[in-house]
Amino acid sequence: MKINENFQKLPAGYLFSEISRRVAEFRTNHPEVKLIHMGIGDVTLPLPNAVIEAMSKAVLDMADAQTFHGYGPEQGYASLRDLIAENDYKARGVDITPDEIFISDGAKSDCANLGDLFDVDNIVAVCDPVYPVYVDSNVMAGRGGELDETGKWSNILYLNCSADNGFVPAIPESKADLIYLCFPNNPTGVVASRDQLKAWVDYALSNQAVILFDSAYEAFITDESIPHSIYEIEGAKECAIEIRSFSKTAGFTGMRCGYTVVPKALKRGGASLRDMWNRRQSTKFNGASYIIQCGAAAVYSDSGKREVRENIDYYMNNAKIIASALKAAGISFFGGENAPYIWFKAPNEADSWALFDRLLNEANVITTPGAGFGPCGEGYIRLTAFGNATETAEAVKRIVSLIQ
Ligand code: PLP
């Protein structure tokens, strides 16, 4: 037998394992020091009460034969899909029908699994810096080619992002088939304007390409002019799949629930991608848990919406604390206005892993080095706004006094 050799091509170290290794080493050498986490993008506030109440009731449903739920629909419960269509799309003037929505156990799985729909020979385009799942899942599927010494894969088209283009990539001159876009962006925290998204939709339509639009952070958008969904752009239903998550919106990182929209109008090679995804999910996925989906539905109740908003406001206030401290110190940065991430460049510091080490050892703050997201991330550091407000203020004070 032969294994999938593509796994052998992947470098062993995943960014967050390397960070954990360095943090563990620091802790062994300095057990007395309390570190502040500004690194991994996990939420810290508890779940909204409305979600807890809905899930508690769902647990009790499972205790009674009359209300017990076994296998649910692979696509997710219709009641939750109706709520999503109504609240996340219709309310923003977008017509997405419940049968175009597929509930999942999170955006990470969907981002990776969607590759099943596409041939191995397609050219994949990703932003650099990039959420690593887009790249690694395509390498596993055989779309990577070979890894070069700069950390890039020979068959992947990297869309360079830098301070010069505001970390929103320019439309490439060459042809890409599958384009991963993520706005608001992880790691840079930047958003794409309506015109920028329109240019991508036009490019995809004229090249028969498909955009995989990851909007896991759409709930953090505060600027009214910024689209929350790619489907706010005309023509997107003919060329884009959208992936969303309850993780950061509603604190579901430990619960696991997200959804993917595959419009019926999206056809390639004479086939409906919606029908292909339905076939794929029906074969390889048995639906998200009933209890978790009840919790997700409660996000759309009046009290759920209010509590979710309060939590997001708390995190965005942290983002403001970080942004104003960096601004006052004259340190240039991106993000923080429509996203829970701040992406800053340290003056006089070109190596982001070296800066990560200094921040860990001298400021006792755990961050994420930009180079871990791709070569264009070199020199940058990602901070997250998902922490505690007091600790966030203290951490950014220490960072500023170290690097200024
Ligand atoms: N997409 C992006 C851009 C993310 O940053 C993350 C999580 O950090 C995910 C997807 C994963 O979301 P989920 O928890 O729903 O799998």
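The count begins at 1 with the first shown residue.
Glycine is no exception: its Cβ is also placed from the backbone N, Cα and C atoms.
TrEMBL annotates Y14, G41, K108, Y131, N186, N286 as substrate-binding residues; of R382, R398, the candidate listed for that same site is R382. Summary of the site annotation: TrEMBL records pyridoxal 5'-phosphate binding at Y71, A107, K108, Y131, N186, Y217, S245, F246, S247, N286. Screening the candidates R81, R256, R274 against this entry identifies R256 as the one listed for that site.
Only S245, S247, of the recorded positions Y14, S245, S247, K248, N286, R382, place a Cβ under 6 Å from an atom of ligand 1.
Fewest Cβ neighbours within 10 Å among the binding-site residues S245, S247: that distinction goes to S247. On a Cα basis, S247 (pyridoxal 5'-phosphate binding site) lies 20 Å away from N286 (substrate binding site). Between the C-alpha atoms of R382 (substrate binding site) and K248 (N6-(pyridoxal phosphate)lysine), the distance comes to 16 Å. Across the fold, the C-alpha of K248 (N6-(pyridoxal phosphate)lysine) and the C-alpha of Y71 (pyridoxal 5'-phosphate binding site) stand 27 Å from each other. Ranked by Cα separation from G41 (substrate binding site), the binding-site residues Y71, S245, S247 are led by S247. The two recorded residues, S245 (pyridoxal 5'-phosphate binding site) and Y131 (substrate binding site), show a Cα separation of 15 Å.
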